[in-house]
Amino acid sequence: QKSVRMLEPTDVTVAFDVAIDQVTEYEPYEERLETYVIPVVFAIIFFVGILGNGTLVVIFLRHRAMRNIPNTYIFSLALADLLVILVCVPLASIIYTLESWPWGVTLCRVTECFREISIGVSVFTLTALAADRYCAIVNPLRKLQTRPITVIVAVFIWLLAIALAMPSAIVSDVVQVDIPNKTIEYCSPFGQRTNDSLAYSKFKTVVNSTVYYFLPLAIIGILYILMAYRLHASARDMPGENTGPQSRSQARARRHVARMVIVMVLVFIVCFLPHHVFQLWFHLNPNTEEDYDDFWHILRITGFCLSFLNSCINPVALYCVSGVFRQHFHRYLCCRQVSAQRRIGMSSAGNACETSFVSTIRRSQHNHSIRKSLSVHSVQSTKR
């Protein structure tokens, strides 16, 4: 029997595009657990996302000192997350309490387009931020990195995300499905149910999973592996006899950064993997209707929530790892002024990792120059 549970939204307002004309098994919305859980979860995501990302935008706009290269990407990421929070989260929470899409074709297309723009900007910005961090380690002086170039890259990311979202703005449509005693409507990114839309749904699912998840994750993973290798090589080049406080501090900073990059990769995987795994399984599995059970239903709901949770977790992460951002969050959210001495200390803590990168690599280069000079001097002495 076909169950109307398979017609629930998978993204924002995206219902499963099942090629059926009649649904013979119907589970009323008021009898489903997610009808009550999803609105509560999304209310928390909405509150934290607005507060966190809104504060990040204010911090960037009001404080010139915060407008450096990494923070420019963080500002762009916060804007994309705000777009998800303001447009997609309210619709996603409401659609789980309603049986039909109530807002018509135009808003359906706008919603699908905005959703893909937000996801694209978020994922591509994370990739650009990882690349920037790698360049900061390889070239700590950043001779080839300037803020105008960063702004150009950020604008290009938005334009690319908008271009990739255009098919959803054109193809998305409101689809009707007959169930016992009524007809329900849902917003589908694949258009009306036809043989062409079935092939298009498979193609679009594979492309979206590749472009918005697997490819960026591979790039980020490679960059983080190279970063870890560079940090390890820098640690080896440091003289073993130097065990002073500065060396121990730099070693702690390197270990802290190594843990941070691993955590960021894991967060990225956890937030998006369940969603993409389910989408690929659902659209590429020829026996989806027969195989769909409670496991896949729970995986779908979990992936759905985690993908939106990613839009509010970045400010929380910045608060935890950056003393500078923590100070500004305290100022705007807690109305608490921080003393000048503590502000300097927190700023130093927030920049400890980058300082460690620069000092370690400079030290390595200095030691290499000393060894090279000693070698040349030894050769010259031998010749004499």
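Cβ atoms here come from the backbone N, Cα and C positions, even for glycine.
Annotations in TrEMBL come from automatic prediction, not curation.
Annotation comment: TrEMBL describes 36-61 (among others) as transmembrane segment. Remote same-chain residues near the transmembrane segment (36-61) are listed as 67, 71-72, 74-75, 78-79, 81-82, 84-86, 89-90, 92-94, 96-97, 301, 304-305, 308-309, 311-312, 314-316, 318-319, 325, 328-329, 332-333 (criterion: CB distance under 8 Å, separation of at least six residues from the stretch ends).
The feature domain 'G-protein coupled receptors family 1 profile' is assigned by TrEMBL to 52-318. Along the domain 'G-protein coupled receptors family 1 profile' (52-318), the predicted structure has mean pLDDT 83.
Look at TrEMBL and you will find 73-97 (among others) tagged as transmembrane segment.
The transmembrane segment annotation in TrEMBL covers 117-137 (among others).
Annotation comment: TrEMBL describes 149-170 (among others) as transmembrane segment.
According to TrEMBL, the transmembrane segment annotation covers 211-229 (among others).
The transmembrane segment annotation in TrEMBL covers 257-278 (among others).
Annotation source TrEMBL lists transmembrane segment at 298-321 (among others).
Pairs of Cβ atoms less than 8 Å apart link the transmembrane segment (298-321) most often to 73-97, out of 73-97, 117-137, 149-170, 211-229.
Panel annotation: around the transmembrane segment (149-170), residues 69, 72-73, 76, 80, 109-110, 112-121, 124-125, 128, 132, 189, 204, 211 of the same chain, lying at least six beyond its termini, place a Cβ under 8 Å from a Cβ of the stretch.
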